[in-house]
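Engineer: Take this structure first; my questions come after.
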Amino acid sequence: MFPEPPTLGSPAPKTPPDSSRIRQGAVPAWVLATIVLGSGLLVFSSCFCLYRKRCRRRMGKKSQAQAQVHLQEVKELGRSYIDKVQPEIEELDRSPSMPGQQVSDKHQLGRLQYSLDYDFQTGQLLVGILQAQGLAALDLGGSSDPYVSVYLLPDKRRRHETKVHRQTLNPHFGETFAFKVPYVELGGRVLVMAVYDFDRFSRNDAIGEVRVPMSSVNLGRPVQAWRELQVAPKEEQEKLGDICFSLRYVPTAGKLTVIVLEAKNLKKMDVGGLSDPYVKVHLLQGGKKVRKKKTTIKKNTLNPYYNEAFSFEVPCDQVQKVQVELTVLDYDKLGKNEAIGRVAVGAAVGGAGLRHWADMLANPRRPIAQWHSLRPPDRARPIPAP
């Protein structure tokens, strides 16, 4: 039997679909799952990146604000110290304020007004440094940066210093200092009021001084007087030399950097008339040495050049409690190294050491260089900070 041929106009029989083609055209379920999962991860990653970026911006602004706060706090701290020893630059009247007083003699040193009083209840001599007029100009610009050092002979260690007044020959001090001395002992004392020209990069120059034998003063009532400055006698103490170093403090990093630059006119320690100097740098806290650094040794010289930097970690909340002590020593290959002199800087040191420290804090991130006169090792110990 043969099948009937299809008649004209009748539809052709349908061919059943090929199952292999169906399998090739369909998308597997695991592919769809992978696509969905990948898309989700991509969206999540994008959102996470945006979130992290915003967080970093916020943290950056916060850290920047904290850094600004640290800088401002340290600057204010430095200004508070400067206010104790060194005011801002003042434009004071440079003409003599006393009628008819003119500085005609080019060798005239100037004059100083002071006051004296004795408090019998507390046993204290009160010395007032009021003002000076017509001081000698020791700077190249025709002016001076005067301050007054006050002490009672024979004790030179207990000194008081006024603030430094910038660029004036007629400073108004208005400061009072107290010396605790029994009244019966005052007759053998001599009051010395020495006027100096402050110089950051060299030794402070003596303008002149006033000496008042206390035996010649009637302290039954307050005394106020003008005295002409006299040429200061040469220091009796042996010169040990000078050292120049810079201080730099970065409050945001809590980093204190001391750069030992150079020394000059050091005391001769060797038989041949020279020395082999090096410098030890100590960081002290509470009067105790907590860190130590030292420079290289410079052979056969009294004017060594170092330019060596040392860094210490000092948190912002500890900067008032630390001091830095620099000791210049003479290296001895066979015997014991002998100290030539020391100098200390810090908030509790006073004098030039406090002045240098205050300038450093008032100018964070900037190195502040200054010359210091070396003191005998037994007299240069810093005062323990509170």
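Cβ coordinates come from backbone N, Cα and C, glycine included.
This is the feature table in Swiss-Prot:
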type	residues	note
COMPBIAS	1-16	compositional bias 'Pro residues'
REGION	1-21	region 'Disordered'
TRANSMEM	25-45	transmembrane segment
TOPO_DOM	46-386	topological domain 'Cytoplasmic'
BINDING	L138, D139, D197, D199, D205	Ca(2+) 2 binding site
BINDING	D139, D145, D197, F198, D199	Ca(2+) 1 binding site
BINDING	D199, S202, D205	Ca(2+) 3 binding site
DOMAIN	239-372	domain 'C2 2'
BINDING	D270, D276, D330, D332	Ca(2+) 4 binding site
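Help me picture these features in the structure, burial and contacts included.
Structural biologist: When Cβ-Cβ distances below 8 Å are used as the criterion, the transmembrane segment (25-45) is approached by no residue of the same chain that is at least six residues removed from its ends.
As a whole-number mean, the pLDDT of the topological domain 'Cytoplasmic' (46-386) in this prediction is 81.
Residue density at D197 (Ca(2+) 2 binding site): 19 other Cβ atoms are found within 10 A of its Cβ, drawing on all protein chains shown.
The DSSP secondary structure for D199 (Ca(2+) 2 binding site) is coil.
The secondary structure of D205 (Ca(2+) 2 binding site), as reduced to three states from DSSP, is extended strand.
In the three-state DSSP reading, D332 (Ca(2+) 4 binding site) counts as coil. Spatially close to D332 (Ca(2+) 4 binding site) yet at least six residues away along the chain are D276, E338, judged by Cβ distances under 8 angstroms.
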Engineer: Of all the binding-site residues here, D139, D199, D205, D270, D330, which one's CB has the most other CB atoms within 10 A?
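Structural biologist: Neighbour-count leader: D330.
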Engineer: Ten-angstrom check, please: count other Cβ atoms within 10 Å of the Cβ of L138 (Ca(2+) 2 binding site), all chains counted.
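Structural biologist: Its Cβ shell of radius 10 Å holds 19 other Cβ atoms.
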Engineer: Quick check for the class: what is the C-alpha distance, in angstrom and rounded, between D197 (Ca(2+) 2 binding site) and D270 (Ca(2+) 4 binding site)?
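Structural biologist: Cα-Cα, rounded: 34 Å.
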Engineer: For D145 (Ca(2+) 1 binding site), what residues in its own chain, 6 or more apart in sequence, show a Cβ-Cβ distance under 8 Å?
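Structural biologist: Within the chain, D145 (Ca(2+) 1 binding site) has Cβ neighbours under 8 Å at D139, V164, H165, R166, Q167, D197, F198, D199.
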Engineer: Can you give me the Cα-Cα distance between L138 (Ca(2+) 2 binding site) and D330 (Ca(2+) 4 binding site) in Å, rounded to a whole number?
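Structural biologist: Each residue's Cα considered, L138 (Ca(2+) 2 binding site) and D330 (Ca(2+) 4 binding site) end up 34 Å apart.
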Engineer: Quick check on the domain 'C2 2' (239-372): DSSP residue counts for helix, strand, coil, in that order please.
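Structural biologist: Counting residues by DSSP class gives 15 helix, 67 strand, 52 coil.
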